[in-house]
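Annotation source Swiss-Prot lists L-tyrosine binding site at Tyr34, Tyr171, Gln175, citing sequence analysis. Annotated ATP binding site per Swiss-Prot: Lys234, in sequence order, evidence recorded as sequence analysis. Annotated domain 'S4 RNA-binding' per Swiss-Prot: 345-411, in sequence order. Residues annotated as motif ''HIGH' region' in Swiss-Prot: 39-48. Annotated motif ''KMSKS' region' per Swiss-Prot: 231-235, in sequence order.
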Amino acid sequence: MSFIEEFINKGYFHQCTDLDRLTTITKETKIAAYIGFDCTATSLHIGSLMQIMILRLLQRHGHKPIVIIGGGTSKIGDPTWKDEARKILSKEDIAKNAKGIKKSLSKFIKFGDGKSDAIMFDNVEWLDSLNYLEFLRDFGVHFSINRMLTMDSVKLRLEREQHLSFLEFNYMLLQAYDFYYLSKHYNCSLQLGGSDQWGNIVMGADLIRKISRKEVFGMTTPLLTTSSGAKMGKTAAGAVWLNEDLLSPYDYYQYWRNCEDADVIRFAKLYSELTSEELNEFERLAAEDINAAKKKLAYELTKLCHSEQAAKSALETAVKIFEQGEIDESLPTVVLEQALLQTGISAYELFHDVGLASSKSEARKLIRGKGAKINDKLVEDENIIINTTFLLDKNAIKLSAGKKRHILVRV
């Protein structure tokens, strides 16, 4: 199966500037293709997982993945489908975030000097040195304001009479220049991105054709939601991060283990590397025992992101908690100052402080709704004082929010 055939078969395809021609070229030769990521956090989350799996697919088929860490464009902010302007990041924040993002990507693709090894750049390397007057003279003439105003992402803000600064309006020009720069210096002939980036991608391809007369392509992926319409990558407890310093492998496993029934097969196709035969077997398993299929999905995706050992450990922890009723030492742990527990803290404050509720009011709601447990016993009073008398034999307090989220509190 070719790169494009597998790309479509896995459900990645949404739109392409010339699919037939790109299919032919990728069969005949190896290309360089790029995807860009904004430097807005110290880790990528599963909202970027499709794009990451595409980079991995490119590499597996012998093509060269190029990753752009948008340090330069992060100084401006992409207005695409945003209701308001983004906060502009400092150089220090961008550098810190870029390091974390490379850590996320390195879990899935190999960086190096080989023909199909991935390479990564921060677009600040070329954007910072752009001379504004020369940029306007050499490139500005190729962009139509008329066309830019018709792009849905811009039109939406204008129709709502929301502020769209000139700073943000320049984002699409700079993204187009990124594609031009990579085409010129690294022979990059394909830009990939989410369907919300279509307008920006097409502008870059058009710029290259006008200036360099080179054949390049743009291809987008669908914007994914869960079957209930929730945005991928976000939960009530926060983002589902790929880096273990922000989300433990156990919690990563639990996210996939608890996905909606209707998403299980789709997620296996999108995010795992099960073969066609294995996927057929997985579909049969899902039809017979959906919970067994969810465990299989969670195991495979945790193994891919973290390691096989991490996946085994997460599975064992889940079995001990949910099937054997034990406290497991590998549960996510929060350490509190001993003085705090000696004095005592109300139950609702504790659930908020350890991250099991996004606010104190949410913590109260959790307890009132009979969703909070301490040491596997239902919390009846949100104001009950939790102190050192609640410590178990293993010198820990087990907090549970619902059936799936658990934390050990230690001093």
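Cβ coordinates come from backbone N, Cα and C, glycine included.
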Helix, strand, coil residue numbers for the domain 'S4 RNA-binding' (345-411) per DSSP?
19 helix, 20 strand, 28 coil
Once the chains shown are all counted, how many other Cβ atoms turn up within 10 Å of the Cβ of Tyr171 (L-tyrosine binding site)?
19
For the motif ''HIGH' region' (39-48), could you work out the same-chain residues 6 or more beyond its ends whose Cβ comes under 8 Å from its Cβ atoms?
69-71, 74, 86, 89, 93-94, 96-101, 103-105, 122, 231-234, 239-243, 245-246, 255
Return the average pLDDT for the motif ''HIGH' region' (39-48) as a whole number.
92
Helix, strand or coil by DSSP: which one applies to Tyr171 (L-tyrosine binding site)?
helix
Give me the count of other Cβ atoms within 10 A of the Cβ belonging to Gln175 (L-tyrosine binding site).
27
Count the Cβ atoms, other than its own, that fall within 10 Å of the Cβ of Tyr34 (L-tyrosine binding site), considering every protein chain shown.
26
Is it possible to list how many residues within the motif ''HIGH' region' (39-48) are helical, extended or coil according to DSSP?
3 helix, 1 strand, 6 coil
